[in-house]
């Protein structure tokens, strides 16, 4: 006969398994994805097609050429692997084909906001990592980020400023927030944190009159001001007026910068800036900085992320011999910025075009010409 203790454990175990099964079966959160209909496993979307197997049935690394990377991630040149955008040209090879650190690609690569190039012109690191000794941050492989003269000459960018020591950078939104960022403490110094301090363009002053946060964080359901005034219910009402250059989301409360809608990466917490109602009549923009480089009978094609207006569904890459009317077309997902064209004839001139497309049609074609090398 089963004892009461054993019975209680069995009941508790059954309840836990039932809860876990319900969670796994639904994968309700948009950061989690089912491995397969035959398995109850759920893994983070960021682990899907990342070059490492996480699902027991291997499905997270299957059919990756057809998979569209999640927001803020993009494909390697081979079309299989998804990386976060900050992993491109960061000095560490993450793509299995090495395309994220390709020398020609990184030389012309524009670093993301908040990042800057090392002296070698290849690697991007965060601006507030300049001349810092802590090992948690990514450093320049050429050591230039620890060169005081290089650090002093470096531009902190639009959203950051120099500490009083002239070498280190601090984001404007990290000034006067109660946490020391500058090694010399100047970001929290009393003389720099007064109520007459002016917030730079694009920042919003908290109720304490001192701290500034990015305007897009106001009334977005997350508290950024130390005094929590950015989520004050008396402020976050449908009557709230957006600052100049900003527009309301569908909830009537949150404001996002104009031009941020239909980018493929939602700014509104209700995702209304990416809704078909807003984006259905917008064609995608022209591809920027298209380049093609021949090597070993192949051609590497690179471009930069366009401002993806119009819920772009992806790219079309069109190529063929320059003097021939025969053209080959290949559809690529919206998370691509590079591609490798194989099986080409050596010492032959090719015309290569890349164009974005969506439900409304295709954007303007951009074309480059390149001659292949020998095998």
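Going from the start of the chain as shown, residues are counted 1 onward.
Backbone N, Cα and C define each Cβ position, glycine as well.
Source: prediction; values computed, not measured.
Feature annotations, courtesy of TrEMBL:
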SIGNAL    1-22  signal peptide
DISULFID  49-64  disulfide bond
DOMAIN    284-375  domain 'Fibronectin type-III'
For the domain 'Fibronectin type-III' (284-375), mean pLDDT (0 to 100): 87
What DSSP reports for the domain 'Fibronectin type-III' (284-375) is 0 helix, 50 strand, 42 coil
